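What follows is a short report on a single structure.
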Amino acid sequence: MKKNSSVVFFLVGLSQFVTMAFLIIGSITAPIFKQIGYSKYDEITYGTFGYCKEGSCSKASYNYHPDELSDSDSNWKLNSNARSILGKIIFITPIAAGLNFLGFLCTIMSVLLINVLSSDRVGSASAIMFFVNLTFSTLGFLSASLICIVVFLLFYPHVTWCSWVLIPGAALSLLVIPLIFSAYSRSSGSRDDDETEELEEKGMLLNDPYLSSKSGRFDIDADSEANLRGDSRTNLLGDNFKNGTNITVVPDIISHNQDPKLSNITTSTTSDISTFDKEAKDMENSNGSGLNEEEDDGMAYDKRRSTSTYSVIESESGLKNGSVSNNYVRNNGSNTSNNINYKVPLGKTEISSSASLASSDYSQREVIPHRNPSRLLNDIMETSFNEPNDSHINSMSSYNDKDSTLTSISQRGVNPEVYNQMPRETAAGPANIRPYAGQPHPAPLVYPQQRLQPQQQQPQQQYHQYNLYQRTTPAGPDPSNVILQSNPYFNVAPNQVPQHRNPVPGVGFAPNPLPNQSPITQGYKPAYKRRMQNKNLPRATTSLNNPYGFR
């Protein structure tokens, strides 16, 4: 509670107490104290509840008929009938004193509640005490004014000092009413001011927490020197900044080891404007060369593939205690800032997938660029032939081709070793072939018996992810070799053609090749096989023991 509010409450209480005291003096007149009374005439002392005459007093009564004690009405202001009516009202003097006393108690209780109770609970209590105090004070004023008027009309012109003190009592009771409004209104304002002061002490106000200290305010400089790579920032951390104030500062999101070409990327929390469109425009303006639109799109597309996700939490400026640094592009230290047509090799872009020290709920996700559909197919074709890291892809492709158990037969040629090991027919042809005589199929050819050796099981490779199932050594001859030896349609001798053929080949068997036609070993070759052939690498089928490269 502020000092001015306390002064007003003090004036209210003092006025109520003085009014109560004056009314109490009027209440204890004769016959209680025979020396004092409202009026003295003809040795008769008139009081509130009786009178005293020549040392003897009457019994206390609320109406002792003061109009009958005098023989003549000429000595009084009013006649006997009026004085008889007023004599019945004079007993309200102690009631007026009691009402002012209750108002005085309400004032004291209001002061105590405002000082003791907390600010969130004192509001309702103060409102209740205001209405109660106002009610008692109003009734006390009315009763004090009434008794003052009655006494003067009844005993005038023979009044004593006890009658005169009723006038200031009534006046003070009238003054109490506006003082009550002022006191409670100031107390409500003082509570708001106290809450404001508490908030100012805690530093929770944002408008002007330091009213008297100019050096304690925030030092905001819009044109400060904290400009990092073209990004103007606000100097929120001045020399006079208080330690108790919390403020959020946006960290420097541009990493120190970032590629210079990526410095134009704008980091924003909204996705209204595509940052990749800005990126392409900035590169076009910075290069100043006459690149056409198609080359510009290709350059932007290649650049988009080299970007990776940035995390503020895992950046070097996000944490002070050694968070994982996020590298945008790792290209083995090659300088690509001047080469605008540089393409990032596939598989070389590394993205940190480890969680940050602050939280493990965040995951690294690759940035999904806006790709140009018109350039996508051309980029794939150029990548397949002009990939910078061909050695790595060739080694992986050859390894997968050799050790894979699921490979299309149409993409493999005939194994030369197995082809050379197959028996050849003589010029005369086989001796046991019979002419075609209505047989559905010609008789099987008889070749010299060749001892079939079961294939040796390949040693288990180092990487078990390519072995889809465990292979077992067949118990008998290979069915494919038996079919090749017993069916004349699989006679692949270069100079010998079977003498008799079935005009309509059987279902599931391919016709024999022409006499002068060599075995077809060429077919569709993917890009990685063409690179293998250019580098004189042997095929994977040359190390196997069957024509189709089965294992």
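Using N, Cα and C of the backbone, Cβ positions are placed for all residues, glycine too.
On a predicted model such as this, the values are computed, not experimentally measured, just so you know.
Membrane sidedness, as given by the topological domains in Swiss-Prot, is identical for Gly50 and His158.
Of the listed residues (Ser232, Ser311, Ser543), Swiss-Prot tags Ser232 with phosphoserine; the rest carry no such note in the record, though that does not show they lack it. Checking Ser119, Ser215, Ser224, Ser359 against Swiss-Prot for the annotation phosphoserine singles out Ser224. Feature annotation from Swiss-Prot across Ser39, Ser118, Ser363, Ser486 places phosphoserine at Ser363. The list of residues near the topological domain 'Vacuolar' (157-160) in space but at least 6 beyond its ends in sequence, with Cβ under 8 angstroms from a Cβ of it, reads 36-41, 75-77, 151. With helix defined as DSSP H, G or I and strand as E or B, the topological domain 'Vacuolar' (29-88) counts 11 helix, 11 strand, 38 coil. For the topological domain 'Cytoplasmic' (182-551), the predicted model reports an average pLDDT of 51.
Packing against the transmembrane segment (136-156) from elsewhere in the chain are residues 16, 19-20, 22-23, 26, 38-39, 46, 66, 76-78, 82-83, 86-87, 89-90, 92-93, 95-96, 99-100, 102-103, 106, 163, 166-167, 169-170, 173-174, 176-177, 180: each is 6 or more residues past its ends and has a CB under 8 Å from a CB in it.
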